[in-house]
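S.K.: Quick paste from TrEMBL:
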- 45-294: domain 'G-protein coupled receptors family 1 profile' (DOMAIN)
- 30-54: transmembrane segment (TRANSMEM)
- 66-92: transmembrane segment (TRANSMEM)
- 104-124: transmembrane segment (TRANSMEM)
- 145-172: transmembrane segment (TRANSMEM)
- 204-225: transmembrane segment (TRANSMEM)
- 246-265: transmembrane segment (TRANSMEM)
- 277-296: transmembrane segment (TRANSMEM)
Amino acid sequence: MERSLESGNVTRVQEFVLLGLSTSPETREVLFAVFLPLYLLTLLENALIVFLVCSHTELHKPMYFFLGNLSCLEMCYVSVTMPSLLAGLWMGPYHVPFPACMTQLFFFIALICTECTLLASMAYDRYVAICHPLRYPLLMRPQVCLGLARTSWLGGLLVSVAKTACIASLSYCGPNVLNHFFCDVSPLLNLSCTHVALTELVDFLSAIIILWGSLLVAIASYVAIGRAVLHMPSAAARCKAFSTCASHLVVVGIFYSAALFIYARPSRIEAMDLNKMLSVVYTVATPMCNPVIYCLRNREVQAAFRRALRGS
């Protein structure tokens with residue numbers, strides 16, 4: 001089950017074995033029949049959002065610009081983790097070469113960090129729209145939106161370079177079995193046979209900066225929005241503002257709850273079955289639900305979708 005390479009007195013693992021979501025053949029068949037349609041549905045939903053935002057000028061607004069970025073990210077995100085989940089359900093435990101595992105880890109960390117900052121940018125956009133409506137065109141002009149999006153994507157890549165380099169530099173002497181359905185931080189740290197304090201410190205600091213930092217921006221934005229909504233004289237205006245932000249809060253709450261539990265901790269996680277279940281939440285459930293919660297219930301998006309259907 002393990003191939004290795006002698007380097008001095010240290011035997012380095014050349015591949016990992018992913019156990020997958022379940023080792024029971026009967027359970028795997030059922031889960032494969034569930035997750036394959038969910039994967040395809042997630043790609044279809046998010047591709048539809050990107051198409052509508054790009055092709056309809058009435059959706060060329062800051063809010064939909066960020067939603068288009070988020071949908072593009074979600075398509076990449078599920079395509080990093082879901083194929084390995086489906087492969088594990090189809091074949092059972094399978095071998096992943098060390099370079100392929102580190103590549104998957106790099107893209108996964110980059111995308112999850114980018115999503116954190118994008119969600120914070122979207123919360124700030126809603127804050128400006130509700131609390132400073134007259135200054136909204138100035139504060140959220142195209143240059144600002146592009147700057148926030150670029151910062152999100154580049155920041156995610158830079159954090160991922162640092163974290164992946166630290167994890168890849170560790171020695172893995174065996175065993176080489178990952179109790180997970182993709183190459184994630186905690187399972188890899190659990191297999192390392194060298195001192196991981198520095199790597200855990202880098203992981204913890206990046207979690208504080210990216211996860212906690214973006215979460216605080218989102219919380220501050222929604223607290224300010226809540227105060228502004230409570231002071232609105234019209235009940236209809238309060239209801240409209242609340243309905244817009246409630247859907248955002250649901251997604252932010254689910255995503256950050258799972259991500260913070262797993263990543264914002266300075267120690268290795270031993271309860272890997274719980275880790276896997278929580279990973280399903282933000283790698284499968286959140287990307288699938290985001291288009292429905294954010295966009296497909298939105299009247300402007302629905303109108304654009306109907307026009308696209310009539311045009312075709």
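Each Cβ is built from the backbone N, Cα and C atoms, and glycine gets one as well.
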S.K.: Go through the chain and flag residues at least 6 beyond the ends of the transmembrane segment (277-296) whose CB is under 8 A from any CB in it; none is fine as an answer.
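M.R.: For the transmembrane segment (277-296), the sequence-distant neighbours (Cβ-Cβ under 8 Å, at least 6 residues beyond its ends) are 21, 35, 38-39, 41-42, 45-46, 48-49, 52, 64, 67, 70-71, 74, 77-78, 81-82, 85, 112, 180-182, 184, 247-248, 250-251, 254-255, 258-259, 261-262, 302, 305.
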S.K.: Using a Cβ-Cβ cut-off of under 8 Å, list the residues of the same chain that are 6+ residues beyond the ends of the transmembrane segment (246-265) and lie near it.
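M.R.: The answer is 112, 115-116, 119, 122-123, 126, 185-186, 203-204, 207-208, 211-212, 215, 218, 222, 275, 278-279, 281-282, 285-286, 289-290, 293-294, 297.
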S.K.: Are there residues at least six beyond either end of the transmembrane segment (145-172) with Cβ under 8 Å to its Cβ atoms? List them, or say none.
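M.R.: Residues 10, 12-13, 16, 62, 65-66, 69, 98, 102, 105-107, 109-115, 117-118, 121, 124, 185, 188-189, 191-194, 196, 198-199, 202-203, 206, 209-210 contact the transmembrane segment (145-172) from elsewhere in the chain.
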S.K.: Taking the domain 'G-protein coupled receptors family 1 profile' (45-294) alone, what is its mean pLDDT?
M.R.: 86
